[in-house]
Amino acid sequence: MSAIAPGMILFAYLCGSISSAILVCRIAGLPDPRESGSGNPGATNVLRIGGKGAAVAVLIFDILKGMLPVWGAYALGITPFWLGLIAIAACLGHIWPVFFGFKGGKGVATAFGAIAPIGWDLTGVIAGTWLLTVLLSGYSSLGAIVSALIAPFYVWWFKPQFTFPVSMLSCLILLRHHDNIQRLWRRQETKIWTKLKKKREKESK
């Protein structure tokens, strides 16, 4: 166990460091997401600059790179504490990718994937919370923030032994959204629908 867990942490970080947003944009001939739109190499920004197909590809890959290392570690019988560190390592890789100059995304989809092995019921509740918040508010960032705040309570209800590692993940997500929190507080955050509408209007001209 002592040798496997650190190895899985390194593996998770390297998986997280594969920035699908940058790779998908390169393959599709789209602008670098770090230099276009919001500047965040994640699925939401790829949706703005490249459309639904590219965004879905990024979303699926980002979820999988969080899910697979944790699922593998879970299957090996690694304890919840180490599972939490493995999940955080995958998110740290996404946020600070060694392969892309340590400039990555905010880790929401990767964190979601890392939580998924705990149970599909929990995964569905968290996904539903994000979707409902976005539909009601129009803010993708607010959906991530609300989901991160509530996720530890959901986990405590479904699988209490994983409350601490999921709480650590939630803190990481909230820290990465500190700029969004300030913009939301000042009412300066742009709704995702507004950005998509502007993109369509620009393309139609």
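The backbone N, Cα and C atoms fix where each Cβ goes, glycine too.
According to Swiss-Prot, Ile49 and Gln188 sit on the same side of the membrane. In the predicted model, residues of the topological domain 'Cytoplasmic' (25-52) average a pLDDT of 90. Same-chain residues lying 6+ beyond the ends of the topological domain 'Periplasmic' (133-137) with a Cβ under 8 Å from its Cβ atoms: 143, 146-147, 191-192.
As a summary of secondary structure, the topological domain 'Cytoplasmic' (25-52) carries 13 helix, 0 strand, 15 coil according to DSSP.
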